[in-house]
Amino acid sequence: MEREENIEIKNSFDYILNSVTGLIESRLLYILVKHKVPEVFEDGLPKTYQQVAEKTQTSPIGIYKLLRYFTTSIGLFEEDLNNLGTFKKTPKSSLFTSDKYATFVEWCNNDLAYNMMKSLDLSIETGEPQCHKSLGVNSWWDLIKKPGEEEFFKNAMKVSSSEAIESALKFIDFSPFKKIVDIGGSHGRFVCEILEKYPNSHGINFDLESFFNGAGELIKNPRLEHKSGNFFESVPEGDCYILKRILHDWKDEDCIKILETIGKSILPGGKVIIFDCIINPKNYNKGHLYLDVMMFHFFGSEEKTIKQFSNISDKAGFKIDKVVNEIPNYCLIISKKD
């Protein structure tokens, strides 16, 4: 009986330990991608930790601890048990390379991200977004207007949405649309990929003037225009509007205003395609709830249920036509009510 109790206590402590190590693990992930450790293994050959340290300009003892940790915790590497200190890649490690999700991982775990979380307790206590208070700015939007931050943020979001873009091109038919407007489209990648698949369509990448001024080179296509503006004031005319990870930044009343603005410009028979998480109260998803907390802390907004989307659409003069479940985190297609 005593032995069983000891096992239970040990398992309980392991559970607690696994629950409280997120801080150090996320920071170690930042270090991993900052020094491009996964890239070192992309040739598929085993490496000693000394070789990895030399290539990444880190200390041998430090990189050994890093490799060993991620071999054990999330299976990024494998250590040769017959030649300890020699590691090789796994399929998971490739996800953390620069051409995959490294930029997103870095943005989520860099110094700025850690500072943003210092006031999370205030958001929970007050019920209002307090992220800006730990950063010395008036709002989260002021933060990303700082030199370099908006571009870094947009690049991170671009990487994180790759899977959604691929799925959208697979499961949504854009052929009926002649003019596709991507609201908050950043560099224009999404709408450009749509145009490549649908040669009879034209596109408009619509974003803030402040972003275009600091965005560097935008994606070019003879059938693509880049236009600046404010979606609370007006948007270009089109028969298809894309809202990818836009509405979750805003409270319901602001979402209604955005859709009302689109409603003034949308052509007859047009559609609005919304890419956002859909919270299912009967089957919660940890990733959705993580984003829900972040949106609350940053903006006072949230990830929404299908009921909320229905109410928002209805009040803005739209109706839900379809939920596309095949797309990661889901997608809604809405149109103007008759």
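Glycine too: its Cβ is placed from the backbone N, Cα and C atoms.
Taken from Swiss-Prot as is:
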ACT_SITE  H248  active site, proton acceptor
BINDING   G184, D207, N230, F231, K244, R245  S-adenosyl-L-methionine binding site
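Structural mapping of features recorded in Swiss-Prot.
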residue: G184; record: S-adenosyl-L-methionine binding site; Cβ contacts under 8 Å, 6 or more apart: F206, D207, F231, L243, K244, R245, I246
residue: N230; record: S-adenosyl-L-methionine binding site; Cβ contacts under 8 Å, 6 or more apart: L208
residue: H248; record: active site, proton acceptor; Cβ contacts under 8 Å, 6 or more apart: D276, C277, L291, M295, S301, E302, E303, K304
* In the structure shown, with every protein chain counted, which of the binding-site residues K244, R245 has the densest set of Cβ atoms within 10 angstroms of its Cβ? -> K244
* Enter the number of other CB atoms within 10 angstroms of the CB of F231 (S-adenosyl-L-methionine binding site). => 21
* Structure fact -> All chains considered, the count of other Cβ atoms within 10 Å of the Cβ of D207 (S-adenosyl-L-methionine binding site) is 22
* Structure fact -> The largest Cα to Cα distance in Å among the residues G184, D207, N230, F231, K244, R245, listed in the record as binding S-adenosyl-L-methionine, is 16
